[in-house]
Amino acid sequence: MSVIFFACVVRVRDGLPLSASTDFYHTQDFLEWRRRLKSLALRLAQYPGRGSAEGCDFSIHFSSFGDVACMAICSCQCPAAMAFCFLETLWWEFTASYDTTCIGLASRPYAFLEFDSIIQKVKWHFNYVSSSQMECSLEKIQEELKLQPPAVLTLEDTDVANGVMNGHTPMHLEPAPNFRMEPVTALGILSLILNIMCAALNLIRGVHLAEHSLQVAHEEIGNILAFLVPFVACIFQCYLYLFYSPARTMKVVLMLLFICLGNMYLHGLRNLWQILFHIGVAFLSSYQILTRQLQEKQSDCGV
């Protein structure tokens, strides 16, 4: 008999769903409990490692350790020890499959959707294998629950009403890498190549001048900085084009200003055409950065 209906793995710090079982239950009551689970996932950091919320037909159980939590929607006939044994098994399987770095860097929902096959396998095992075959594991969990009972949540703790959770506006935590940019264009690739070339020229001239100045005099510090500052600005322009960054316009203007001022300062060491080339590449890169927009957010993969 099926007593575990749905399971998912989420990141504790922001409630980002990492993987979930593909469910085939679409009753109104079940969908309501899915919404409750999603609401609760956003606030797991507020609760201890284990907790349960029970209703008439369904119950939610969660178990977390570190930055990974496993959550399940079960029938009310499902013993708590079995639910937490299932969640602990799932937690071990997930953390054995993915390291903490991958989990921490995940930026989109269901980044580890392929783990669904493991969830289904473990879920089937707990739903259809007799409890006598899991006696050892269940006894261990039962002892732990006696020593440290799980937090008991009310249905109000999982409610979502008009987009407000318990009278508080939900925080939508979304790390910067979660922003996905539009595909790179041919002109954008050209601007990257030219920018890297300008950065290399600035670095080579700056290092060469620094070596010469150390042997001769310390009067060339201004010229050295005028080469190295635009070098850093060119590299940062490449970063701004490839990745999203907050306050992008302000950073673009600042980098463009550094490059223009640096090249104007080098008027005695570069001819007019060289200066115009460097400034022209900087303007092209700035234009490409500002015209490359964010992609529209994708839906939650239909899980």
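Keep in mind that glycine also has a Cβ here, set from the backbone N, Cα and C atoms.
Feature list (source: Swiss-Prot):
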type: DOMAIN; residues: 8-119; note: domain 'Longin'
type: TOPO_DOM; residues: 1-183; note: topological domain 'Cytoplasmic'
type: TOPO_DOM; residues: 205-223; note: topological domain 'Lumenal'
type: TOPO_DOM; residues: 245-248; note: topological domain 'Cytoplasmic'
type: TOPO_DOM; residues: 292-303; note: topological domain 'Cytoplasmic'
type: TRANSMEM; residues: 184-204; note: transmembrane segment
type: TRANSMEM; residues: 224-244; note: transmembrane segment
type: TRANSMEM; residues: 249-269; note: transmembrane segment
type: TRANSMEM; residues: 271-291; note: transmembrane segment
Problem set entry | Number of helical, extended and coil residues in the topological domain 'Cytoplasmic' (245-248), per DSSP | 1 helix, 0 strand, 3 coil
Problem set entry | Averaged pLDDT, computed only over the residues in the domain 'Longin' (8-119) | 89
Exercise. Apart from its near flanks, which chain residues at least 6 from the ends of the transmembrane segment (184-204) lie with a Cβ under 8 angstroms of it?
Worked result: 227-228, 230-231, 234-235, 237-238, 241-242, 262, 277-278, 281-282, 284-285, 288, 292
